[in-house]
Amino acid sequence: MVGNSPDLKEFIKAEAIRLGFDLVGFTDPSPPTSFPSFQKWLNQGMHGEMAYLSRPDAVARRADPSLILPGVRTILVVALRYPRPEDAPPASSKPFGKVAAYAWGEDYHTIIPSRLRELVTALQGKIGRSFEWKILTDSGPVLERDLAQRAGLGWVGKNTCLINPRIGSYFLLGELFLTLDLEPDSPFPADHCGSCQRCIQACPTHCILPDRTLDARRCISYLTIENKTEIPPDLRPALDNWVFGCDICQQVCPWNIRFASPHHDPAFSPKEDTARPVLSREILLSQAEFKQKFSQSPVLRAKRRGYLRNVAVALGNSLRSENLSALITSLKSDEEPLVRSHSAWAIGRIGGEQARTALQEALKTETHPQVVQEICSALQNLP
């Protein structure tokens, strides 16, 4: 067993910084203090369709991180910054969609584990013997913001994001579970949100709750990514032109306004037409084109049907008749009923005689009940 060596901790931190991580801290695998709040959140059904969060084995691991890796003694928590939303490339003059800044480049589920594996290799070379280890990102069953706070990386803000007073909250977390025994760092001592309510007030769907939880069922990020079915009609206008995720509650945070600085990690550099995609082109992407465009992107998680559903809503919210042609093509020919149904809604939202004619024509041949219902609803709501 490795002793509580300050030198080894400093070596690990230095290597992590060399690999591009912005924050590094150590904690132990004791049960998280936030678990009762998480359990209450699950019991209230605020996780929506994310059934994987409520699986008994996943709940048990979140209640006791030591179940993740037998013999774990130390958890290393790292943070990796991504670009600020205001660093997006210039938008097209045509109606465009907005993608959350963390998803502009490569998938962090690939980036973070790859860099942590390099850290493990360096650590093995340093101590000259093997040890057990396991890497997780947010896809693993841990309450990682609790671990990060205990490791001294920041506090959990009212928008539920971890906030660091030096760099704000535009960063992603990763964890390295180790059977090495290293001294934990001091937990982050304070909550610096104070009386600020900006994130709560700015959320267009009012999903942020006063107890530092959020109702995922109303969150734009959930609705555009984890939600695999229809977007509730009453929430569609609030999505504006977000097609994957949302940054609003972070953009209004004073800690980001004051302290988040430009970041240029090549892995997160926006790929062509991913940060601000032209909506009239996106709605017509084939399955092959979608896979090719987003092959290394987090956007792939939404799948084509979910992404184009979001694009249809954004096109409707543009209220621009120039988008009707692409939407009408989608309504007539897209193979996915989910996409056709939201295209029908979008056509109705834009409105006008061209919209009415297109909806009436589609009603003559459409057979899927969900799409028929959306067409009828759109026609009824036209003036």
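Cβ atoms are placed via backbone N, Cα and C, with glycine included.
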Of S34, S92, S93, S221, the one that TrEMBL places in the same cob(II)alamin site as R62, D138, N159, L162, L173, C246, D247 is S221
The [4Fe-4S] cluster 1 site in TrEMBL includes C193, C196, C199. Which of C219, C253 is also listed there?
C253
Note: among binding-site residues R62, K228, least Cβ-dense neighbourhood at 10 Å is K228
When pLDDT is averaged across the domain '4Fe-4S ferredoxin-type' (184-213), the result is 96
Kindly report the helix/strand/coil residue split of the domain '4Fe-4S ferredoxin-type' (184-213) according to DSSP, in that order.
5 helix, 1 strand, 24 coil
Most crowded position, judged by CB atoms within 10 A, among D138, D247 as binding-site residues
D247
May I ask you to report the DSSP-based helix, strand or coil state of L162 (cob(II)alamin binding site)?
strand
Whole-number Å distance separating the Cα atoms of R62 (cob(II)alamin binding site) and K228 (tRNA binding site) is 25
